[in-house]
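Data block below; observations after.
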Amino acid sequence: MKDSFLFTSESVTEGHPDKMADQISDAVLDYIIERDKKAKVACETLVSNGFCMITGELKTSVYAPMQEIAREVVKKIGYTDALYGFDYRSAAVLNGIGEQSPDINQGVDREDGEIGAGDQGLMFGYACKETETLMPLPIHLAHQLAFALAQKRKDNTLPFLRPDGKSQVSVRYENNKPVSVDTIVISTQHSPEVSQKHLKEAVIEEIVYKVLPKEYLHDNIKFFINPTGKFVIGGPQGDAGLTGRKIIVDTYGGFCPHGGGAFSGKDPSKVDRSAAYAARYVAKNLVASGVCDKATVQLAYAIGVIEPVSIYVNTHNTSKHSSAELEKCVKSVFKLTPKGIIESLDLLRPIYSLTSAYGHFGRELEEFTWEKTNKVEEIKAFFKR
């Protein structure tokens with residue numbers, strides 16, 4: 001008997017209010033880290049009806065023009081007209097940034113040059129063989145649909161689309177392998193004059209059919225395109241947005257556990273971010289090396305402590321090696337102290353705006369060093385000893 005089930009993941013466009021907040025926070029981080037690699041940044045953003053508030057803590061000598069940074073992000077996303085409910089020119093931008101607590105900093109920057117973890121916490125990474133990027137298929141497709149919504153809007157293929165939008169994909173699995181797409185949900189902000197019939201047909205033809213691989217298409221896919229009907233009021237006018245509210249969208253679409261820490265606006269001394277990238281790096285290289293077909297990796301840290309307090313590897317019964325053997329391999333091959341992660345992944349660069357929409361993982365951009373599979377040979381060599 002086939003073991004059959006549905007699994008669902010969602011994504012959001014760059015114009016979703018929570019993603020707007022993430023992008024502003026990461027733009028602030030990029031501006032500062034480009035000018036001060038030793039800066040400590042924890043930037044949180046709120047966007048709401050007609051205003052944006054930037055808050056958090058900094059330790060840096062760099063002056064960051066918060067208004068200019070925020071307005072440029074909002075402009076790039078596409079909120080360029082008050083008719084969209086938010087306009088980069090007229091929105092108020094409030095600055096509530098403060099200084100980082102010296103109590104925190106004393107445990108992070110050490111006299112011996114090492115870096116203590118910026119906080120306690122647990123982080124997860126995941127990889128599997130469902131896609132070429134070693135990501136689960138549902139979140140992979142959801143991101144592609146959300147990205148296509150934005151691209152078709154920006155290139156005027158679908159000029160009636162507006163910036164806010166969401167996608168959701170339900171995939172049918174048989175014996176733990178994806179076999180077909182069952183349901184597609186897309187909600188997209190739009191101009192008031194377009195009919196729901198035209199919008200649905202255009203989204204299916206220009207986005208869904210051009211994104212989904214042919215092997216997963218069939219005549220019985222269920223489509224829910226703007227299922228509540230009109231979606232004219234969107235963005236911060238429709239919902240407030242906050243940094244760090246899309247942590248499942250940012251990671252694996254619910255396919256593996258999440259430690260709870262968000263990424264955007266945090267410099268890499270914060271292990272919430274850097275160790276999550278490292279955990280993905282470990283998991284992806286384990287799968288790419290062939291020692292397993294899927295891997296969940298957990299790392300855990302204590303504030304001010306250099307080494308991780310625990311490393312856990314679960315290959316979901318797809319490896320001939322034990323968890324203890326895999327843990328020894330990970331410790332031997334990867335540098336998992338905060339400093340080791342920052343140096344091996346070259347994280348003191350202004351790369352974070354690129355991560356802040358459409359997923360931090362599974363996108364093989366040159367800047368995303370944690371997506372490289374350059375540890376495969378070392379892993380293979382470890383198990384040949």
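Glycine is no exception: its Cβ is also placed from the backbone N, Cα and C atoms.
K266 (ATP binding site) falls within a strand when secondary structure is assigned with DSSP. The ATP binding site annotation in Swiss-Prot covers H16, D164, G165, K166, K230, F231, D239, R245, K246, A262, K266, and the record cites sequence analysis as its basis.
Sequence-distant neighbours of D18 (Mg(2+) binding site) (same chain, 6+ residues apart, CB-CB distance under 8 A): V12, G241, L242, T243, R245, K246. Per Swiss-Prot, Mg(2+) binding site is recorded for D18, and the stated evidence type is sequence analysis.
Residues annotated as K(+) binding site in Swiss-Prot: E44. Here E44 (K(+) binding site) comes close to A21, S25, I54, T55, G56, L242, T243, G244, G265: these same-chain residues lie at least six apart in sequence, with C-beta atoms under 8 angstroms from its C-beta. Under the DSSP three-state reduction, E44 (K(+) binding site) is assigned to strand.
Residues within less than 8 Å, Cβ to Cβ, of D239 (ATP binding site) and separated from it by at least 6 positions along the same chain comprise P17. Summarising the annotation, Swiss-Prot assigns L-methionine binding site to E57, Q100, D239, K270 and lists sequence analysis as the type of evidence.
Averaged across the region 'Flexible loop' (100-110), pLDDT in this predicted model comes to 62. If you look up Swiss-Prot, you'll see 100-110 marked as region 'Flexible loop', on the strength of sequence analysis.
The binding-site residues examined here are H16, K230, K246; by Cβ neighbour count within 10 Å, the least packed of them is K230.
Taking the Cα of E57 (L-methionine binding site) as the reference point, the closest of the binding-site residues H16, G165, K266 is K266. In this structure, the binding-site residues K266, K270 were compared by how many other Cβ atoms lie within 10 Å of their Cβ, and the smallest count belongs to K270.
Here G165 (ATP binding site) comes close to V12, T13, G15, H16, A146, L149, A150, I186, S187, T188, Q189, G234: these same-chain residues lie at least six apart in sequence, with C-beta atoms under 8 angstroms from its C-beta.
Note on E57 (L-methionine binding site): other Cβ atoms within 10 Å of its Cβ, all shown chains, come to 16.
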